[in-house]
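Annotated in TrEMBL:
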- 159-282: domain 'Heparan-alpha-glucosaminide N-acetyltransferase catalytic' (DOMAIN)
- 118-139: transmembrane segment (TRANSMEM)
- 197-217: transmembrane segment (TRANSMEM)
- 229-251: transmembrane segment (TRANSMEM)
- 271-289: transmembrane segment (TRANSMEM)
- 301-325: transmembrane segment (TRANSMEM)
- 386-408: transmembrane segment (TRANSMEM)
- 420-439: transmembrane segment (TRANSMEM)
- 451-473: transmembrane segment (TRANSMEM)
- 485-506: transmembrane segment (TRANSMEM)
- 518-540: transmembrane segment (TRANSMEM)
Amino acid sequence: MDNDEMTFNTNNLGIDEAFVKITTDSFIHLYKLVDECYKCPFTYVDYVNDTRVLKASTKFGTSFRLYTRKEPFIGDKDVQDMVCEVRPRNFGPFGVYDIQNFGSNCTIATKKSPTSQFYLPLYVTALVLFIITLIWNIATSKGFRKEGNDDQSEKRSKRLASLDAFRGMCIVLMIFVNDGSGGYEIIDHTTWNGLHLADVLFPWFLWIMGVCIPISIKSQIKRKVRRWKILTTIVQRSLILFILGLMLNSIGKVAQLETFRLFGVLQRFSVSYFVVSTLVTLLMVDLRSGRYNFCGPLTDVVNLSIIWVLMVLLVAGQTYLVFFYPVPNCPTGYLGPGGLHQDKMYEHCIGGFSGYFDKLVLRKEHLFQNPTANQIYHSGPFEPEGPFGCLLTIFQVFLGVQAGVIILTFSDGFKRIKRWLIWGVVVFIFGVVLCQGRIEGGWIPINKNLWSLSFVFLTSGLAFLLFSLFYYLIDHLRCWTGSPFIYPGMNSILLYIGHEVAYDLFPWHWRFGPMNNHLIVMLEAVWGTLLWVLISYVLYKKKIFLKL
């Protein structure tokens, strides 16, 4: 084995990493800037004297610069003492790139091409799972039809299976993403602005929770349950969710009270569920199904008219605070990630008013210490599920309530679908307009960390549209049973808590070799996810369901 083979041993690389070899005839300093870091300076990497081999992440496109001076950061437009700038054209995992600098000239060459089958594990996995699901549904649908006349099947038909299937799809994909999503950046959460698959799952889960709220409350009122009793149940469930969220925040570490994280996913569920359920219980005008009043096709909206007024005020108030309330030492209306953004001009302003409010209420020590923005922008602590973000989360859950009231108001399947599609298209267009159809530079960027208004509209619009498809296939045409998603959908809280507790336990998680390629990481993530689907199926068969 020659020296190069020993030096460029890919077993020494992590997932999505490459080797960069720099050869120079002088003492210089290497800087880099990744494309994901919007309006950032070049960051110091290391010095180079003669020859140096470094590892570099290939998750994002990267530019390299050589300078004769050393500073922690150098602005993008600062070319003083710059020797040259180079950018690999086909920057990818397991590649080897050779940067040569002689005098003021620089060249870059691909010494070893990156893997050419980067997305193959993703495509193959998706295809195999689709085929398995198709075969499973063909088999189970025959049994479903045979049992179609028994009493148990009649009871099942009254429950919208599309609700469970949609919820189940969300929890299954959430588990897959939390298990690493095969190491694919395009699936994982965005760094700051933007929208990936991982970013839509949490808001979809909240949205479908909103759909179920008026259905549940109507059912209780129909059973003559007093409203104060309903409110007591709401408070109880909210407290349980919040406490469970606190417990999950302590997994894998001692709960050091001075620095204990106070908010999280279940805490946001708790707050939004409490507020929206309380409003629906107290202020919904009419819970009768299938009856038109003088408002005709707008009956579902009129039923929620009082709450709609409150929601408009909520959104208006949140927007005013975000764009007009002065934040100390930060520009008013700032929505950026702070840190390196804007050449470190607003280093401590991550999230603008949202970040400021959460720090004020919770204190910096109780925030999430390693948010996605910190990995690229070095922004420091930020709470993506913080108190201020709960405001628009409440609005998102209420949009789900609107979809649920459509179910209660209109019994005809096509009328329901038509209204969901209209809502979906209109709300989605609102989101596109607010972000001006772009990731960066729009009026209100799409941002999960901030739970921005454009993010709420876009994800809610997609939820309306996708749920329409689920309802059409499962409950209207009855050509799909909703399997396998209905099983995890009926035990979603149990699966969420379970996968969080078992985040590093066998048999859900394991390692084999360096775990530095997408195939093995994808297999591990899919394996763990399928185990939870299997567990949910067994629980379904045994009629074991966790209800809070």
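Each residue, glycine too, has its Cβ placed from N, Cα and C.
Predicted, not measured: the structure shown is a model, and the values here were computed from it.
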Checklist entry - Taking residues 6+ outside the transmembrane segment (451-473), which of them lie with a CB under 8 Å of any CB in it? => result 160, 162, 165-166, 169, 195, 199-200, 203-204, 207-208, 211, 315, 318-319, 335, 389, 392-393, 395-396, 399-400, 403, 413, 416-417, 420-421, 423-432, 434-435, 442-445, 479-480, 482
Checklist outcome for this item: Taking the transmembrane segment (386-408) as reference, the highest number of CB pairs under 8 angstroms among 118-139, 420-439, 485-506 goes to 420-439
Item to check | Leading stretch by Cβ pairs under 8 Å, where the reference is the transmembrane segment (485-506) and the options are 118-139, 420-439, 518-540 | outcome: 518-540
Checklist entry - How does the model score the domain 'Heparan-alpha-glucosaminide N-acetyltransferase catalytic' (159-282) in terms of mean pLDDT? => result 95
Checklist outcome for this item: Counted with DSSP (H/G/I as helix, E/B as strand, rest coil), the domain 'Heparan-alpha-glucosaminide N-acetyltransferase catalytic' (159-282) has 88 helix, 1 strand, 35 coil
Checklist entry - List, by number or range, the same-chain residues at least 6 past the transmembrane segment (118-139) whose CB is under 8 A from its CB atoms? => result 92-93, 182, 184, 187, 480-481, 483-484, 518-519, 522-523, 526
